[in-house]
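Participant: Below you'll find the structure I mean.
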Amino acid sequence: MLKDVFIGLSKNQFLTSAAKKYGLKLGAQTVVAGVDIGETIKSIRELNAKGISCTVDNLGEFVFEKEEALKAKNSILEVIESIHSNGVDAHVSLKPTQIGLDIDYDFCYENLREIVDAASKYDMHINLDMEDYGHLQPSYDLLDTLLKDYDNVGTVIQAYFYRAMDDIEKHKDLRLRIVKGAYKEPAEYAYQTAEEIDANFIKLIEYHLLNGKFTSIATHDHNIINHVIDFVEKNSISRDKFEFQMLYGFRKDMQLDLANKGYHFCVYVPFGDDWYGYFMRRLAERPQNLNLVVKQVFNKRTNKAIGLAAGAFLLGRMTKKSKKRR
Ligand SMILES: Cc1cc2nc3c(=O)[nH]c(=O)nc-3n(C[C@H](O)[C@H](O)[C@H](O)COP(=O)(O)OP(=O)(O)OC[C@H]3O[C@@H](n4cnc5c(N)ncnc54)[C@H](O)[C@@H]3O)c2cc1C
C-alpha cells in the first residue's frame with residue numbers, strides 16, 4: 001500500500017512545483033547529486049576518482065508545454081557540453097516525456113535527434129530511459145527511427161513487461177540497461193509478483209549477456225548481482241561486455257566493492273530542481289527510506305512548508321486508501 005501512496009505522491013503536480021521552490025529537501029540531497037550541473041560535475045569527479053563512471057539525468061517531470069520541453073532539451077545539450085569540456089567519464093540518460101513526447105511525437109523526435117547528434121560528435125552514449133506502458137511503444141518508435149542514422153543510443157528493458165523478451169531480441173545489437181521496472185503496471189501487460197519479475201529479469205540479463213552488445217545490469221538487489229557474477233564466470237563472459245549500475249546514493253559500499261573487484265560500475269546521477277517525483281518513486285521502492293524523510297522534516301525548520309504539504313497529502317491518501325481497501 002505504501003508503494004501506491006508514494007507513486008501517487010510522485011504524480012502530484014502541486015507538490016512537484018512546490019518542491020522546485022525549496023531546493024533539495026526531505027533527504028533528497030542524499031539521492032540527488034545537486035540542483036545544477038556545476039555541483040553535479042563535482043559529484044561525478046568524486047565517483048570517477050573511485051573508478052566509477054556515471055550516467056547523468058537532468059530531472060524533469062510533467063512537461064506539457066513546448067517551451068518547457070525546449071528548456072529541457074537545452075539543459076541536456078548543456079550537460080553534454082559540460083561532460084565533454086570537463087573531461088569526466090559520463091554519458092546522458094533522458095526520458096522522452098521530458099523533451100515533449102506528451103506534446104507531439106515529431107516535436108519530441110526533433111529534440112531527441114538534436115541531442116543524439118550533439119552527443120555523437122563526442123562519441124557519447126545517450127540512453128532513453130523507459131517510462132510507463134503508455135509511453136513504451138512511442139519510445140521504441142523514436143529509438144528505431146534514430147538507429148537509422150546513429151549508433152550512440154540505447155535504451156532500457158523493464159523485466160516486468162511480458163513483451164520484454166521480444167523487445168530485447170529486436171534490440172540485441174544495442175547497449176541496453178536491464179531493470180525490474182519502476183512503475184505500477186496492470187496485470188494485462190506486466191508480471192505482478194516479485195518472483196515472476198526476478199525470474200524474467202534473470203532470463204533477460206542472461207540472454208543479453210550471451211547474445212547482446214553491452215549489458216548494463218541496473219539493480220540494488222545483491223541476489224541478482226551475485227547470480228550475474230556466477231553466470232559470467234561460468235560462461236567466461238568478458239568484464240568488458242557488461243557493467244553494474246546503481247542509483248546515486250544507494251548501497252555506496254557495494255558500489256565501491258564491485259568497482260574495487262574490477263567490475264565496470266556506472267552510477268545513475270540525477271540532478272536538477274525537479275527532484276520531487278524521482279525522490280517519491282525511490283521511496284515507493286524502498287519505504288525504509290522514509291526514516292530519512294521523517295528525520296529531515298522534523299529536524300529542520302526550513303523544510304516545514306514542503307514537509308507539511310507532503311505529510312498532509314500522505315496522511316490524506318492513507319486514510320482514503322484504508323477506507324477503500326477490499
Ligand atoms: C541505474 C538504474 C536505472 C534505472 N532506470 C529505470 C528506467 O529507465 N525505467 C524504469 O522503469 N526503472 C528504472 N530503474 C528502477 C528499477 O526498475 C527498479 O524499480 C529499482 O531499481 C528497484 O529494483 P531493484 O532491482 O534495485 O531491487 P528491489 O526489488 O528494490 O530490491 C530487491 C532487494 O534488494 C535489497 N535492496 C534493494 N535496495 C537496497 C538498498 N538501498 N539497501 C539495501 N538493500 C537493498 C533488498 O534486500 C531488497 O529486498 C532504474 C534503476 C537503476 C538502478
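Cβ atoms are placed via backbone N, Cα and C, with glycine included.
Heads up, TrEMBL stuff is auto-annotated, nobody curated it.
Sharing the record's features from TrEMBL:
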type: BINDING; residues: LYS95, ARG281, ARG282; note: substrate binding site
type: BINDING; residues: MET130, GLN158, LYS180, GLY181, ALA182, THR219, HIS220; note: FAD binding site
type: DOMAIN; residues: 41-289; note: domain 'Proline dehydrogenase'
Participant: By the count of other Cβ atoms within 10 Å, pick out the sparsest of the binding-site residues LYS95, HIS220.
Facilitator: HIS220
Participant: Looking only at GLN158, THR219, the binding-site residues on record, which one has the least crowded Cβ, with the fewest other Cβ atoms within 10 Å?
Facilitator: THR219
Participant: Determine, using Cα-Cα distances only, which of these binding-site residues is closest to ARG281 (substrate binding site): LYS180, ALA182, HIS220.
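Facilitator: Given the candidates LYS180, ALA182, HIS220, the nearest one is ALA182.
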Participant: Within the set LYS95, ARG281, ARG282, which binding-site residues show a CB-to-ligand 1 distance under 6 A?
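Facilitator: Going through LYS95, ARG281, ARG282 in sequence order, none turns out to be close to ligand 1.
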Participant: ARG282 (substrate binding site): which of the binding-site residues MET130, GLN158, LYS180, GLY181, THR219 have a C-alpha within 10 angstroms of it?
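Facilitator: Near ARG282 (substrate binding site) by Cα: none of them.
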Participant: Tell me, what is the mean pLDDT of the domain 'Proline dehydrogenase' (41-289)?
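Facilitator: Its mean pLDDT is 95.
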Participant: How many other Cβ atoms are found within 10 Å of the Cβ atom of LYS180 (FAD binding site), counting all protein chains shown?
Facilitator: 19
Participant: Give me the long-range Cβ neighbours of ALA182 (FAD binding site): same chain, 6+ apart, Cβ under 8 Å, in sequence order.
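Facilitator: Those within reach of ALA182 (FAD binding site), by Cβ under 8 Å and sequence separation of 6 or more, are GLN158, ARG281, ALA284, GLU285.
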Participant: If you skip the near sequence neighbours and keep only those at least six away, which residues in the chain come within under 8 angstroms of GLY181 (FAD binding site), Cβ to Cβ?
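Facilitator: Same-chain residues close to GLY181 (FAD binding site) (Cβ under 8 Å, separated by 6 or more) are GLN158, ALA159, TYR160, PHE161, ALA190, ILE197.
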Participant: Please report the Cα separation of THR219 (FAD binding site) and LYS95 (substrate binding site) in Å, rounded to an integer.
Facilitator: 19
Participant: Are there residues of the same chain, six or more positions away from MET130 (FAD binding site), whose CB falls under 8 angstroms from its CB, and which are they?
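Facilitator: The answer is LEU136, SER139, THR155, VAL156, ILE157, GLN158.
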